[in-house]
Amino acid sequence: MIEFPVVLVINCGSSSVKFSVLDAASCEALITGIADGVNTENAFISVNGGEPAPLARKDYEGALAAIALELEARDLMGSVALIGHRIAHGGSVFSESTPITDEVIDQIREISPLAPLHNYANLSGVEAAKHLFPGVQQVAVFDTSFHQTLAPQAYLYGLPYRYFEELGVRRYGFHGTSHRYVAQQAYSLLDIPQQDSGLVIAHLGNGASICAVRNGESVDTSMGMTPLEGLVMGTRCGDVDFGAMAWIAQQTGQTLDDLERVVNKESGLLGISGLSSDLRTLEKAWHDGHERARLAIETFVHRIARHIAGHAASLHRLDGVVFTGGIGENSKLIRQLVTDRLKVFGITLDPLKNALPGSAGERIITTDDSDVPCAVIPTNEEKMIALDAIRLGKVHPAAAYA
């Protein structure tokens, strides 16, 4: 019997393993940490922001083993009742979170070519956890599944239909776990019923996306088949004319691999500013008179406002605009610049509410007479993953807290 059940949440990236341990009763985080530099000589683990310690083994199983040792040191190893995994891409196969079985692992492996950098890493985490935590139910939570409610007209590209039929080329969308969590919080904050509601959510971080949520379901989103489409991001270009890329290739002789690196790693805020992908650095530079930092920020907010307005067209009514993610939660400048560009909706920002720090938590930042309220809601993907694990996993009766 587990007296104090906890949920271990694992997010295996292309070179890191982020993890959290949450109290299963309250879903409050007890431990957070990261094993970084996986599969390199400099691999390390850091817990609760503490000093990094080198990993004895540098692969994913070594990272999970180090996490297990940290749990043992805190007498939590025997308390792990469930494990929730963030899986980057569920393709068209997974429309919701699911308990992990051998069949599910095989299905994830089959669709992993859609996200090779992340899905194979995710599976490495699943296999390592299976070995280190035998008998503990694991649950897969897909970054794409929330968007499986998109209609064909929202997910199809204007390409020959055979590419969709034969290759699965379509919009899948990402940040689904974040958009789903924030939408659920927004119904309470804005005092609106989920079953008759229209929200546009802006998840703004180094990666950024917009999602239109109608009656609790995603009906449109800005990211596409990959997380490259849509908004200008930290190092990703977002929407770009393919003809422009073809012209660059012709003029420079760059290969497809070269251009893929450019649009993913050298573009966005970094590419326009020539300075940094970090918005905090760019905001300071703008105030110091750096012209291209200003240009990068204004391009960033123009694209955000345009996508918010466009996504509102997928709703029957706009009940609220919600900002989340590291930038959405913490940058009063970005929220101000974006809402200034949304006056067509009758949005009126309250400067005092907007100026509150991110630590102020969930809050409405518009005036009482604003036609459409805007809010800040901190995302909590780890909590959403833990809640899904609790809802779907097999838990000892003593842990029947859901």
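Heads up, the Cβ atoms here are built off N, Cα and C, so glycines get one too.
The ATP binding site annotation in Swiss-Prot covers ASN11, LYS18, HIS175, 203-207, 278-280, 326-330. Look at Swiss-Prot and you will find ASN11 tagged as Mg(2+) binding site, backed by sequence analysis. According to Swiss-Prot, the substrate binding site annotation covers ARG86. Under the heading active site, proton donor/acceptor, Swiss-Prot lists ASP143. What Swiss-Prot records for HIS175, ARG236 is site 'Transition state stabilizer'.
All features noted in Swiss-Prot, drawn onto the structure.
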| residue | record | Cβ neighbours (10 Å) |
| --- | --- | --- |
| ASN11 | ATP binding site | 24 |
| ASP143 | active site, proton donor/acceptor | 26 |
| HIS175 | ATP binding site | 28 |
| LEU204 | ATP binding site | 27 |
| ASN206 | ATP binding site | 16 |
| ARG236 | site 'Transition state stabilizer' | 27 |
| ASP278 | ATP binding site | 15 |
| ARG280 | ATP binding site | 12 |
| ILE327 | ATP binding site | 26 |
| GLU329 | ATP binding site | 22 |
Spatial neighbours, same chain, of the residue listed as 'substrate binding site' - Cβ under 8 Å, 6+ residues apart:
VAL9, ILE10, ASN11, CYS12, ASN122, VAL141, ASP143, THR177, GLU381, ILE385
Whole-number Å only: compute the distance from the Cα of LEU204 (ATP binding site) to the Cα of ARG236 (site 'Transition state stabilizer').
13
I'm trying to understand the geometry here, so how far is the Cα atom of ASN206 (ATP binding site) from the Cα atom of ARG236 (site 'Transition state stabilizer'), in Å to the nearest whole number?
9
Nearest-integer angstrom distance between the alpha carbons (Cα) of ASP278 (ATP binding site) and ARG236 (site 'Transition state stabilizer'):
12
Which of the three DSSP-derived classes (helix, strand, coil) applies to ASN206 (ATP binding site)?
coil
Where ARG236 (site 'Transition state stabilizer') and HIS175 (ATP binding site) are concerned, what is their Cα separation in Å, rounded?
15
